[in-house]
Amino acid sequence: MPSNTASSSSAPAGSADSSSSRTKSKRPKYSKFTQQELPACKPILTPGWVILTFLVISVIFIPLGVVSLFASQDVVEIVDRYDNDCVPTPARANKVAYIQGGADKSCNRTLVVPKKMKQPIYVYYQLENFYQNHRRYVKSRSDAQLRSVKDENQIDACKPEDDANGRPIVPCGLIAWSLFNDTYALSKNNQPLNVSKRGIAWKSDREHKFGKNVFPKNFQTGNLTGGGKLDENKSLSEQEDLIVWMRTAALPTFRKLYGKIESDLEKGDTINVILKNNYNTYSFDGKKKLVLSTTSWLGGKNDFLGIAYLTVGGICFFLALVFTIMYLVKPRRLGDPTYLSWNRVPGGGR
Amino acid sequence: MLQEADIGVGISGVEGMQAVMSSDIAIAQFRYLERLLLVHGHWCYSRISSMICYFFYKNITFGVTIFLYEAYTSFSAQPAYNDWFLSLFNVFFSSLPVIAVGVFDQDVSARFCYKFPLLYQEGVQNILFSWKRIIGWMFNGVISALAIFFLCKESLKHQLFDPNGKTAGWEVLGGTMYTCMVWVVNLQLALSISYFTWVQHIVIWGSIALWYIFLMIYGAMSPSFSTDAYMVFLEALAPAPSYWLTTLFVMIFSLIPYFIYKSVKMRFFPVYHQMIQWIRYEGHSNDAEFVEMVRQRSIRPTTVGYTARRAASVRREDRFYDQIHTDLVAF
């Protein structure tokens, strides 16, 4: 920058004493960094860049949206709400009493497959209005206890489900205590369908968070039953239902994986579900649904990403056109400071 | 006098250092005052106003996403993000870029500050730090947060995001939202500045890269320390294409409103320093006559100190015509 060096190069002359002998210059050592003269890229939003950006966004987003929408449309999903229908008619006036009572709670449901479903088909249970993300609930667990036997007594965070008669509950806490315990037995055309329960939990949970030597103890022995019981002979790392349940959900409406069907289902097949309606969601107006779903590379049936990409791609394309027209129709003389706000009114004013 | 003034500038010289000791800024020669005012004064004002507005923006984005999540946890104060994510947002992932803006940003180069001394009036007239600008940035933060939260929540609606059928828990939603947020606030900064040196590139892209590196390192620590973030990136998020697609979508969608605003403003309603940027871009800055014409047409009668502040506040009350005339007579 010529003007800068010109103004500072006369410093040695200025700092020379009146004795006119050349004293040592006090000018600091020049560096681009300290003088703020680093090579810089100074982009500004010219019309070309604006239109180009919008076009690039729409060119990328529209195909992504189409691909995502196709992936989501390929997924076949069957959702069946059963919590109301599975309460026998005479008991519907007081569902809470029914569910807490000892009657046999088996229920028969029939599902029809709308389109061919390729294996693996995932079976989920969906709960609604269940706040698994409530702070007190999320804190009510003891990770140390789940991992190793010697930490069995670390139950402070688990109140009120921490001990039974002075002996620690394993696994302690409200999350484990409220374990979902509806079961589903599926059959197709009178042939039982095998629902595999292996590998439904995340691998890191099974191997690192739930110990292989930790076995359930004193579980669900109190007066208040919150959910399912656990087999005391299976170690926690094999209790995949518990592991899936203990990964707390993010939202009040959530699905959790129940099992996998490893055979295909043809269109028009009738699936008969014998389910046990054990879990009490009636006290808080929750809903229970059974979901069978295939997956695609994008996950489950969710048109949102596809539609969103398409919409935004379309809007950006439209904006590119609008900006092109705007720039053509209203060319502004740039660099003319009469457009400055404080010059528009004679004598100033903003 | 030096101590009575808003800013006192002392000159160190043959008469001794007394002025320097009681001043706010000391310079060695009187002619350095020109650079001090026109270049550093203008830069300082522009940097600080950008930095403060952006600081509000990024913290509002961060806080409003957490607040919106509370509506879905029945307001039980469960945060949307892991504890360490919360603590480190303002330390690692969004602090260095804003410091780089506050220290290094130059909206016009020093040469142009000399050529167009009226850039200094941007500070006097309080153009870059008016309430309109502050509230505008805060509003930008709120809509960014709304976009981030609702788009992430919708794309994970039934938690089926993984091609292997597993469902998304709290940590997946938190990780996705946080990733989108880190991208959005950093890209927003990149959009709002127009001066990129190696410093800005390193801090902006580095902060984003640091987030992924942090996720991997934190996730690799023992589960007793990393609790729910254990392996969340490598096992759950990274293999799921929907995570990457959601991140890309949210980051572009959140920035489109600001991008439109800036394009329209830059082209049709440019502020003075943006006009100078246009002049530089079009190459007219080397045309001495053009520059002189711009300077002449920019000149307006100004006042200083109490009179200027009164005139500015009076303008806001829309009684400026008579008052400006009165002030000129008094000046």
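The chain as shown is numbered from 1 upward.
Glycine residues also receive a Cβ, built from the backbone N, Cα and C atoms like all the rest.
Sequence annotations record features per position, and here TrEMBL assigns domain 'P-type ATPase C-terminal' to B:20-270.
Within its own chain, the transmembrane segment (B:55-72) has Cβ neighbours under 8 Å at 78-81, 86, 89-90, 94, 98, 134, 137-138, 140-142, 144-146, 148-150, 153, 177, 181, 184-185, 188, counting only residues six or more beyond its boundaries. According to TrEMBL, the feature transmembrane segment maps to B:55-72 (among others).
Among the features that TrEMBL reports, transmembrane segment is placed at B:84-104 (among others).
Sequence annotations record features per position, and here TrEMBL assigns transmembrane segment to B:134-152 (among others).
As annotated by TrEMBL, transmembrane segment applies to B:172-195 (among others).
Packing against the transmembrane segment (B:202-221) from elsewhere in the chain are residues 84, 88, 92-94, 96-97, 99-100, 175, 178-179, 182-183, 186, 189-190, 229-234, 237: each is 6 or more residues past its ends and has a CB under 8 Å from a CB in it. Annotated transmembrane segment per TrEMBL: B:202-221 (among others), in sequence order.
Summarising the annotation, TrEMBL assigns transmembrane segment to B:241-261 (among others). Sequence-remote contacts of a segment are chain residues at least 6 beyond its ends whose Cβ falls under 8 Å from one of its Cβ atoms, and for the transmembrane segment (B:241-261) they are 140, 143-144, 147-148, 151-152, 155-156, 161-163, 176, 179-180, 183-184, 187-188, 191-192.
Each residue in the domain 'P-type ATPase C-terminal' (B:20-270) has a pLDDT score, and their mean in this model is 92.
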